[in-house]
Amino acid sequence: MRGKFNKSSLIGWQFVLLPSALILLFSFYPMIQSFILSFESGKGNVSHFVGLGNYTRLFSDPMFLQALFNTLLYLVIQVPIMLILGLVIAHLLNSPKLKLKGFYRTAIFLPCVTALVSYSILFKSMFAVDGIFNQMLLNLHIINEPVAWLLDPVWARVVIILAITWRWTGYNMIFYLSAMQNVDPSVYEAASIDGASKFRQFVSITIPMLKPIILFTAIISTNGTLQLFDEVVNITNGGPGNSTMTISQYIYNLSFVYTPNFGYAATVSYAIVVIVAVLAVLQLKVGGEKK
Amino acid sequence: MKHLGAIGKHTFLIIASFISLFPFAWMITGMTNSSSDIVKGKFSFGSEFMNNVNKLFDTADVATAFTNSFVIAIVSTLLTLILCSMAGYGFEVYRTKGTDRLFGLLMLSMMMPFAAIMIPLFKLFSTWGLLNSATAVILPGMTTAFMIFFFLQNTKSFPRELLQAGRVDGLNELKLFTHIYVPTMKPTYAAAAIITFMANWNNFLWPLIALQSPEKKTLPLVVSSLASSYNPDYGIIMVAIIITTIPTIIIFFLLQKQFVQGMLGSVK
C-alpha cells in the first residue's frame, strides 16, 4: 500500500510546498540575513563591513559576558531543579491509590495557562519590598526586616528562577505523567517481589524508562531558558545593574533600546545559536545513545 | 510506616498545589484592592474593584487591545491549523525521500532562537511596509515546524484504509484531505487549536517589536507597559492581568482533556 502512495509524490509536494516555503522565508532567510549582518557594524541604517570585528568585540564586552553568565546560570540551576521536581511530582501522582489526584494535577498544571508577561508582574508585586512575601516571612519571624528582593543582584536572580520554576514545572510534569502511565505495572510488581524499595524502583525502573521523554523536556527547557526574555524584562528589566539581564534582552536592547546597532546585535544572537547547537548535540550524545 | 508515607506524599503535594495556586489567589484578591494595599501585601478582598476597572479603562484602551489580541490569536490559529495540518498530512501520507529531507531541514528551525531572526524579520516587514499591523504579527507565526511535527505525529495513527475507500468512491486527493482526514482528526485539530491560540494570545517579544502605535497593541503589551511605568498602579494591573488570563483559563477548563492529550500527542 505504501508503494502506491509513493507514486503520487507530486501530490505530496503540493501539500507541503506552501507551508515549507513560509518557514524558509520567515526562519531560514532571516537566519542567513543575521549571519551576513553579523559582519557589519554601524548605527541605524548606515552600516559597513567590519569582518570579524563584531566577533572579537564579543569577548571583551562586559555586558555580553554578564548576560552570557546570567543566562547560563539560569540554565544550570533552574533546568535541573524544574525537571527533577516535575519527575518527583509526576511519580507521586502516578501512584494508583492516591486520592485527590485530579485536583493536584490541575493545580500544579494551572500556571502553564498564564501569559509570561502576566505571571512575571504577579511575581514582581509579590516580591516588592513591602509585598506579601516579605509580610509572610515577617509574620513567621523568619526575617526581622523586609528584604529588597529585586534590588539585590543575587536575590533578584533567585526570584526569576523561582518564577520560571513556578510556570513550567507542571508543563514537564504532564509529559512525565503520561509516559509513566504507559509503563507496564507488572514491571514494578516484579521489582517489589525481588525486594527493591520504592526509591530504588524510581531510580532503576522509572527514570531509565522515561529517558527519551526526559531528553525531550531537557532540550525544550534548555532552548526556552536560553531564549529567556519576557520574565526578566517584566520582573527586573535586567536590573539591578544588569545582574539579571539575559542574552535575548541584550540583543533587544542593542537593537531597539540603545542606539541601534543591528550588526553587533546579530553577532550576539549567533552566540545563542552556537550555544543551542552545542548543547543539543551534547544532550543527544549523553541521553540518546541507546535510542 | 505505610501511613507515614501517604501523609508525606500528601503534604508534599498540598504544598506544591498551594504554591501553584497562590499567585492566582493573589491576583484575584489584588483586583479588589488599591495599589498601595497590594504593595503592602494585603491578602484579603477589598472594595476597590469597580474603581480599579474604571481607572484601567481610563488609562489604557483595553477594549481595543483585547480585540487586537483576539483577532491576531484567532486568525493565526486558523491559518496555522490549515497550513500545518496540510504539511503534516503531506509529509506523512505522501512521504518520499525528497519530502523527508525537506522535513528534516524544517525541523532545524525549531532550534533557531527567535532573538537570532528578529532583526532581519523586523527589516523584512519594514521593507514591505507592514510594520505596525496585525499582519506583521500573524505572518511569521502561522507556520511552525513544531505544529507540522505535531500533525505528522498524529497522522501516524490515522487509518489509511479510509483514504483507499475514498479513492474507490472517486474522491480526488484534495477532497480526501478535506472530506476524510479533517473530520477524522477533529481531536487533533482541537488540541492544536488550543496550543496555538494560547501561544499567540500570550506572545510578547515579536508584537513588542512589530507593533508600535498604541491602537495596535495587544494585551500583553498593555499589561507590560502599565507595569513598567515609574509608579505602577497595581490595582489596575491586577484587573488587566485577569482580563488577559481569563480566556486561556476558560479554554483550559473547557478543553482540559484535549489540551493535555495534545501536549502528549507531540511526543508519542
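Even glycines carry a Cβ here, placed using N, Cα and C.
What TrEMBL records for A:68-283 is domain 'ABC transmembrane type-1'.
Taken from TrEMBL, the feature transmembrane segment applies to A:12-32 (among others). Cβ atoms under 8 Å from those of the transmembrane segment (A:12-32) belong to residues 273 of the same chain, restricted to positions at least 6 beyond its ends.
Annotated transmembrane segment per TrEMBL: A:72-94 (among others), in sequence order.
Under the heading transmembrane segment, TrEMBL lists A:106-127 (among others). Same-chain residues lying 6 or more positions outside the transmembrane segment (A:106-127) and placing a CB less than 8 Å from one of its CB atoms are 89, 133-134, 149-150, 159, 162-163, 166-171, 173-174, 230-231, 233-236.
Nonlocal intrachain contacts for the transmembrane segment (A:147-166), taken as residues 6+ away from its ends with a CB within less than 8 angstroms of a stretch CB, comprise 70, 73-74, 77-78, 81-82, 85, 111, 119-120, 123-124, 127-129, 133-134, 137, 225, 228, 231-232, 235-236, 239-241, 243-244. The transmembrane segment annotation in TrEMBL covers A:147-166 (among others).
Residues annotated as transmembrane segment in TrEMBL: A:202-220 (among others).
Sequence-distant contacts of the transmembrane segment (A:262-282), counting only residues of its own chain at least 6 positions beyond either end whose CB sits under 8 Å from a CB of the stretch, comprise 31, 34-35, 37-42, 47, 50, 54-55, 57-58, 64, 68, 219, 222-223, 226-227, 247-248, 250-251, 254-255. As annotated by TrEMBL, transmembrane segment applies to A:262-282 (among others).
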